[in-house]
Amino acid sequence: MDRDSPFADPDRSDPLPAPSNTLKASIFAQSRIVHPSTSVYNQFGRHRHDDIGQESFHEGIQPSVASLANLQGSYTAKSIHPHHSAIGLRNSSYDDHGDDADEQDPEDLLSDEELGLIAGDARNPSASLSYASNRSRKRRTNPSDPRSRASAVGGLSAKQKALWMWANVDNLDAFLQEVYAYYVGRGAICIALSRSLNLLTVAFVICFSTFLFGCIDYSSIRHDGQLSDVIVGHCVAGFSPFATLVVVLLLAAFGWQAVQFVLGLSRLRAMHRFYEQLLGIPDADVQSIPWHEVVNRLSALRDQHPTTSLSSADEMELGQRTSSSLRRSHPQPLDAHDVANRIMRQENYLIALFNENILDLSVPGLRSRSPSLTRSLEWNLHFCLLGFLFDSNGQVRHAFLSERYRADLIEGLRRRFLFMAVVNAIFAPFIVLYLLLYSFFRYFEEYHKDPSNLGSRQYTQYARWKFREFNELPHLFRRRCRTSYVAASKYMDQFPKEKTAIVARFVAFVAGSFTAVLLLASVMDPDVFVHFNITPQRNVLFYIGVFGAILAVARGMIPDEHVVFEPEAMLREVIEQTHYLPQDWKGRFHSAQVHQAFGQLYTLKIYIFLQELLSVVTTPFVLWLSLPACAPDLIDFLRKYTVHVDGLGHVCSFAVFDFARQPTASTMGGAAAKGIHRQQQQQQQQQQQSGGSGRTRAPRNGMSQAKMEQSILGFRANHPDWDPAAHASTASIQRVDDDAGATTLQYGHGDGRSTSDAPTGVGAGAKVKDLIDHIYRGSGGAAGASRW
């Protein structure tokens, strides 16, 4: 490799092959993990089937296949965020002018070899094929070519169109994200219906709010009047310049969303064909089929048609091409781990950053300086950090992998934070106004119907990122959080509040006494109920309502006498589901400090809503004052914990379950674990002695809830068909198993403990063996108390 490449290691020459009889050589011979600093990359990768137009130049091709030579174009979708999918929003890269009612099977028209060509399995490439590919690329960029893509695709059956789309996937990350978004959206009909109704909701909020605030003369309202008497004619013409600007901006945003929705319908239709024709999943079954079954069918499709126009991650990043013999002999499989890594390539970095406490999300000037994450701040993090780290193809930029660009990257990241701080400050009034209007229409009916929902709780955005595990897809994470809600609510309610209960009993007694007297007086003389005023303009009915409300609130604060208080048991049940157990919680489940700390993670919905509104004002300060100071640590972390996986590209090293690179205390020997623990205590003492204010960062590679061990166990539970032994991480685990000292890990209640007096020799690495035993004993169900 060129020494000037950002991937090259300037301090080492070309590596010499290690003896094949060593354990280290056997491990890395099986592993696909290559760190960016390594100067030699595995050349076995998928080749790119550049254009399906090659097929017309292949020997012996039949006339029926020759018609497919006119198919131009490729699937070139950009990288798509899973929570903002491009299905139904982005413009389609192909048109659907064909008749989907054509039920003729492509196997009736094409031979097996020709079907392999359609799916990208081109055999024996020659110079003529290369020439044809170049010629087809030129035709693809020429809009005046009569053999356009739309006319060519229009003559195919539904299954042939699906095969053509699969054969021309250029960006596998974006394609898999659309496949996942289609699954989460519950099929084409549900996605189209949901997005169309969302558009109508936005239109209703804009129109109804404009009518209420600008088209009604509230001073003319009378008890005996009519609606027509208070409506202002031509009210829009009388708007102030600011009100007109707000309406124009809202209408422009609505129009943009409507155009994107219409243009994305063709892609939604194409994804419907892909599910139905190639994966064999009709729209009615998308709502009930488990995700791991969808992944199995994707893997089977990849095994059947291993070579598409998809370029491997190596080719995309390095511009390299491998020989056709290597391509045919080393097809790259697509397993559940690869699918999850591609879908969550960006989110895995955020999970790692929150797990390592690198981001300073505190509002400057506040005394507590506790981290506060809202949806608006989360969106800004995606734009500033992930938008800077990844290019337009969804791949890590090369500059982040070399230390020589460190200063430029730090300065660039700081500028992005400062720029977005200014943008957020400018648009803050519009965002607050829209949030207030939308939330009022959205939640008023819910709380009016059931006022008790005002006291309901949910996890904060910060808690969700702390709980989430590597390669855990959003729908699986939501399911895990929902299973903990009952226990979490019981823990918050059952925690003894004797002081509050004593005061509540007194308030309930006083309010109940007043209510009883007023009700008794109303029964004895019904006229008193309405006509007798206790205070000016306030009759008996009014005060019965006031004291009744106070009585209801006070009774709600008094615990049931028959309830058995078990806060420790409830918190343990929560930990079994959330897999979150900080070090300072252990042995203190009964304490008020732990109850308060958990209450900050599982807080009232009304508080979260107020925090979202307030964050519109505080986000510019966080972006301007707090986050720029984190830029050096962020750049260093991204460079250090980015690895290269053949066929997958650059990903977060935590997401590949590379225990050899991130040795936590639970994967190391007892002595090593104690060394890490001592290092933690020393750093904490130094921070206390220096009186350091602001954020406190947990030591890297320390005992931070054994995040990777939890992730691999949870991933195995959610994907029962995934074989860890066939994955590269198994080699890393095996190396730790041979080299590490004796250690044990207890998964009950998520409490990991390392011991130094465990047996050695044959019993060395007992933790890793225990981890593997847990994986292979798993039944495939959701992770529960038996594993955690």
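From the backbone N, Cα and C atoms, a Cβ is placed for every residue, glycine too.
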In Swiss-Prot, D173 and D408 sharing a membrane side: yes
Stretch of maximal Cβ-Cβ contact with the transmembrane segment (501-521) [cut-off: under 8 Å; candidates 196-216, 236-256, 539-559]: 539-559
Distant-in-sequence neighbours of the intramembrane segment (417-437), which means Cβ under 8 A and at least six residues beyond its ends: 205, 209, 246, 249-250, 376, 380, 383-384, 612-613, 616-617, 619-621, 623-624, 627-628, 631
Intrachain residues whose Cβ lies under 8 Å of the transmembrane segment (539-559), provided they are six or more past its termini: 455, 493-494, 496-497, 500-501, 504-505, 507-508, 511-512, 514-515, 518-519, 521-522, 528-533, 565
Long-range Cβ neighbours of the topological domain 'Lumenal' (522-538) (under 8 Å; 6 or more residues past either end): 544
Residue counts (helix, strand, coil, in that order) that DSSP gives for the topological domain 'Cytoplasmic' (438-500): 48 helix, 3 strand, 12 coil
